[in-house]
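Asks: Copied straight from TrEMBL:
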- B:21-45: transmembrane segment (TRANSMEM)
- B:65-90: transmembrane segment (TRANSMEM)
- B:102-125: transmembrane segment (TRANSMEM)
């Protein structure tokens with residue numbers, strides 16, 4: 001049941017981001033200044049934190065999607081569904097941690113108040 | 001044909017195979033999206049920092065038709081997969097006939113508008129040559 005609920009919530013969250021993303025990409029039509037302004041928005045550390053929630057939602061939704069297909073198409077899928085849910089959670093976390101570190105790295109110096117040439121906004 | 005239960009009267013007669021199509025569509029598009037989305041996330045957030053995905057970056061990327069086709073496929077699959085999910089959401093949780101009708105109509109309109117906005121952006125993008133060069137945002 002939790003796997004099902006997380007799948008719905010993450011799916012809805014990703015769809016919401018997709019709408020925002022189509023709009024921010026459409027800023028390309030207004031030229032470099034407008035578009036780069038929208039890129040600046042994604043560079044803020046608080047928006048980087050928000051993108052971490054996107055990454056975790058995408059990873060969970062992707063791995064749990066594989067689990068759903070395994071339950072549907074693999075003969076032993078339903079027998080191992082519980083173990084596979086555990087694997088989905090572990091895999092999500094294992095992939096998320098390094099990606100989160102890489103995304104937050106340019107903003108980490110700002111967060112710790114250290115002067116740095118690549119400090120964010 | 002897609003038949004939506006309005007909440008009034010009996011359920012729509014069976015014989016519509018849209019739900020079967022939808023069930024397979026989730027799985028097939030999901031399998032393709034799994035690869036495409038992870039590749040996209042890797043390029044935009046791991047191998048490049050988001051602060052370097054500027055206009056000049058997009059211009060360099062879209063000079064290759066491959067990435068325009070890749071991004072259009074990603075747009076189409078993600079939007080149809082996601083909006084089909086929203087349709088099931090509305091179908092499951094909205095009981096009132098009027099609200100169902102309105103929300104389903106709004107969802108269909110959103111699908112059309114966002115699909116067209118994304119497609120037009122991808123097709124019509126012609127980089128301004130003066131903006132080419134340095135890709136990362138100035139610090």
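Backbone N, Cα and C define each Cβ position, glycine as well.
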Asks: Using a Cβ-Cβ cut-off of under 8 Å, list the residues of the same chain that are 6+ residues beyond the ends of the transmembrane segment (B:65-90) and lie near it.
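Replies: Long-range Cβ neighbours of the transmembrane segment (B:65-90): 22, 25-26, 29-30, 32-33, 36-37, 40, 100, 103-104, 107, 110-111, 114-115, 118-119, 122-123, 125.
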Asks: Which residues, given as numbers and ranges, are at least 6 beyond the ends of the transmembrane segment (B:21-45) yet have a Cβ under 8 Å from it?
Replies: 53, 70, 73-74, 77-78, 80-81, 84-85, 88
